[in-house]
Amino acid sequence: MKFSQLILPFSAALSLVGSGVATPTTKPVNPRASRPARNLLAHLVRSAGNGTTLSGQQELKDADWVTDNVGFSPVILGVDLMDYSPSRVEFGAVSTSIEDAITYATQGGIITICWHWGELSHDWMTDERLTTLLTLGSPSGTYNTTEQPWWSNFYTEATSFNLSAAMNPASRDYKLILRDIDAIAEQLARLKDIPVLFRPLHEAEGGWFWWGATGAEPCKALYRLLFDRLTKKHGLNNLLWVWNSKDPLWYPGNEYVDVVSVDVYADNGDHSSQLEAYQALQGLTGNFSKLIALGEVGNIPDPELMREDGAQWAYWVTWNGDFIRGETKNPMEFKKAVYASELVYTLDEIQGWNL
């Protein structure tokens, strides 16, 4: 165990005090938020205020790899609801993400969840059917083709699903949206006693996922629908709501967001603090009162550079596979230095935060 009660250098502490930036709120946007959810938000605010960042890793098998090879365990585990999407279940997808989340939470870890939401339509396009419908000028549904196989159905290019049209409550697709939200609610309900950093509709402004393909307004409307249905209809009061874009045009509003975040996949060798992205998120809410996080990273930012620049990310979550295991994005020497840093919290250092 490394020294975990960080005392900020006087100059750094003075910089935080005199920065003019408001302390992030510890009050969740859901007024019925559970006690564990409130405790989690308060813990995140407290640790960020101390100048520390929580380490995080996407997928349990990769978090275990970090433990075995780096020598420390990440605080945060990221899992994906992707294969609980009804359209993917219909095609035979099976997921253990909820079981993985329960396992890690039992060890004292914090859970964050994203959702690569599989396109909602029942209309799967084979190569032959797509060719026929393109001839008629009316393709519809997921392109389950050689070029775009079914498992890519969260990508814009793999589906003709139109969110703008689907947000009409009288449409068939709106009913499918509600069906999917309700199906995901069943899975999230299994975590009802575990606080969750829920990060839906991520990277929307990029347009590469269908939920961002028709612009900001339909996406914001879908996010608000998710919030209302999961909190009010399903009573999922264990969720803290994480927005994932730095573009003001896409922001759904302070009343729907507990944490603002962005995903950053920097060039190889770039372990900078990502100050520009941090400052953009600072200005996003208008009042500087939200926690700021890195929802996904390819390259882990150097904690010393974060401190020097004043980019106080509450947490970061490294993406899975070669992003964490390989030497190109995060060399082993660098990984070990980051996890050993007194500026970075690891799993052993946050035990008991939810008491």
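Cβ coordinates come from backbone N, Cα and C, glycine included.
Sequence annotations record features per position, and here Swiss-Prot assigns signal peptide to 1-22. Per Swiss-Prot, N-linked glycosylation site is recorded for ASN50, ASN144, ASN162, ASN287. According to Swiss-Prot, the feature active site, proton donor maps to GLU203, an assignment based on sequence analysis. Annotation comment: Swiss-Prot describes TRP208, TYR265 as substrate binding site. Residues or ranges marked as active site, nucleophile by Swiss-Prot on the basis of sequence analysis: GLU296.
Within 10 Å of the residue listed as 'active site, nucleophile', as judged by C-alpha distances, the recorded positions found are TYR265; the full candidate list was ASN50, ASN162, TYR265, ASN287. Fewest Cβ neighbours within 10 Å among the active-site residues GLU203, GLU296: that distinction goes to GLU203. Comparing the Cα of ASN50 (N-linked glycosylation site) with the Cα of every entry in ASN162, TRP208, TYR265, ASN287, these being the recorded positions, the smallest distance points to ASN287. ASN162 (N-linked glycosylation site) and GLU203 (active site, proton donor) are 17 Å apart (CA-CA, integer value). Taking each of the glycosylation sites ASN50, ASN162 in turn and counting other Cβ atoms within 10 Å of its Cβ gives the largest count for ASN50.
The Cβ neighbour count for TRP208 (substrate binding site), using a 10 Å radius and every protein chain shown, is 13. Among the recorded positions ASN162, TRP208, TYR265, the residue whose Cα lies closest in space to that of ASN287 (N-linked glycosylation site) is TYR265. For the recorded site, GLU296 (active site, nucleophile), the DSSP three-state label reads strand. Within the same chain, the residues at least 6 positions away from TYR265 (substrate binding site) whose Cβ sits under 8 Å from its Cβ are GLU296, VAL297, GLY298, ASN299, TRP319, listed in sequence order.
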